[in-house]
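Feature list (source: Swiss-Prot):
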- H187: active site, proton acceptor (ACT_SITE)
- G11, A12, A13, G14, Q15, I16, A17, N105, Q112, V129, G130, N131: NAD(+) binding site (BINDING)
- R92, R98, N131, R162: substrate binding site (BINDING)
Amino acid sequence: MGEPIRVLVTGAAGQIAYSLLYSIAKGDVFGKEQPLVLVLLDITPMMTVLEGVVMELQDCALPLLREVIPTDKEEVAFKDLDIAILVGSMPRREGMERKDLLKANVKIFKSQGAALDKYAKKTVKVVVVGNPANTNCLIASKSAPSIPKENFSCLTRLDHNRAKSQIALKLGVTSNDVKNVIIWGNHSSTQYPDVNHAKVNVKGKEVGVYEAIKDDSWLKGDFILTVQQRGAAVIKARKLSSAMSAAKAICDHVRDIWFGTPAGEFVSMGVISDGNSYGVPEDLLYSFPVVIKDKTWKFVEGLPINDFSREKMDLTAKELTEEKETAVEFLSSA
């Protein structure tokens with residue numbers, strides 16, 4: 001066993017973290033040989049709840065978990081980190097405009113970005129989950145100029161997994177049989193789930209999803225809407241936002257950063273758009289298809305984009321540009 005790595009989870013007393021921490025601590029993400037120190041950050045009023053989470057983690061008696069550090073202080077939380085998973089954000093309250101939500105979160109992610117810049121390792125990998133995830137991630141990155149912007153990514157893997165699962169359900173196969181779906185753009189209802197390049201294994205034969213499903217109107221209509229609105233559907237049914245599925249998606253996302261993507265497969269994650277070949281404006285945190293090797297992601301290049309896709313990709317880029325402009329305005333005054 002090597003040296004322990006330091007992993008931070010923010011919003012650590014919350015729903016998603018409760019599903020996530022056990023998976024990380026038992027080795028599902030960084031492997032069964034990698035010891036770790038878990039650092040748990042939350043706001044001061046949540047410290048008592050967080051103590052309960054720490055007790056439970058201790059009571060799991062997990063061999064890889066060397067230490068658990070609960071804190072409400074950024075200088076403790078961000079010190080010498082290898083990985084930061086930023087789950088905590090200001091939730092949208094009833095009657096709250098998206099603009100108000102952005103303003104509250106710019107403040108949080110400016111502060112956390114600055115703390116990463118000051119205290120974390122320069123090689124730290126930062127994954128932003130708290131919504132609006134793409135723009136929060138961009139703000140954190142801009143507030144941490146000494147950390148490469150390629151080290152920042154945001155979670156669209158939940159949308160990616162939702163898309164895989166809908167295709168699998170439609171065809172009566174397992175999600176494992178579906179690969180190379182793409183989520184383009186924002187983790188919002190403008191995201192574009194694209195299966196033009198996706199493949200499915202049907203009775204041992206790999207075929208394109210359009211060819212396998214033979215229902216273009218579903219693929220261009222209800223399928224896209226279902227994935228775009230899935231989060232809202234879960235809230236409506238459960239009265240709480242997705243936690244178990246979000247935690248699983250975070251594990252998938254971070255494991256792929258750590259160990260790389262399987263040969264012949266690509267995944268979706270929100271990354272900085274600089275240098276992309278898909279006509280997405282620079283300096284946006286936009287979800288693309290990527291492959292990962294040696295902890296470094298690269299865009300999947302050369303995928304043909306039809307007019308239907310182009311329109312959807314531009315629409316979500318427009319929303320992200322507007323979000324960014326609003327956030328950057330707040331950033332200068334935060």
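Just so you know, glycine gets a Cβ as well, placed from its N, Cα and C.
Given the structure is predicted, the values throughout are model-derived calculations rather than measurements.
In this structure, R98 is the one among the binding-site residues R92, R98, R162 with the smallest number of other Cβ atoms inside 10 Å of its Cβ. Of G11, A13, A17, Q112, H187, all annotated as recorded positions, the residue with the shortest Cα distance to N131 (substrate binding site) is H187. Comment: substrate site residues R92, R98, N131, R162; largest CA to CA distance 24 Å, whole number. Between the C-alpha atoms of G11 (NAD(+) binding site) and the residue listed as 'active site, proton acceptor', the distance comes to 19 Å. The Cα atom of Q15 (NAD(+) binding site) lies nearest to that of R92, taking the recorded positions R92, R98, R162, H187 as the candidates. Most buried of the binding-site residues G11, G130, judged by other Cβ atoms within 10 Å, is G130. Separating the Cα atoms of Q112 (NAD(+) binding site) and R92 (substrate binding site) is a whole-number distance of 19 Å. Using a 10 Å radius centred on the Cβ of A13 (NAD(+) binding site) and all shown protein chains, the other Cβ atoms total 22. Largest Cα-to-Cα span within the NAD(+)-binding set G11, A12, A13, G14, Q15, I16, A17, N105, Q112, V129, G130, N131: 20 Å. Cβ neighbour count for N131 (substrate binding site): 20 (other Cβ atoms within 10 Å of its Cβ, all protein chains included). For the binding-site residues listed here (Q15, Q112), the lowest count of other CB atoms within 10 A around the CB belongs to Q15. R98 (substrate binding site) sits 24 Å from A13 (NAD(+) binding site), taking the Cα positions as reference. Cβ-based neighbour count (10 Å, all protein chains) for A17 (NAD(+) binding site) stands at 27.
The two recorded residues, A13 (NAD(+) binding site) and R92 (substrate binding site), show a Cα separation of 18 Å.
When the alpha carbons of H187 (active site, proton acceptor) and G130 (NAD(+) binding site) are compared, the span between them is 10 angstrom.
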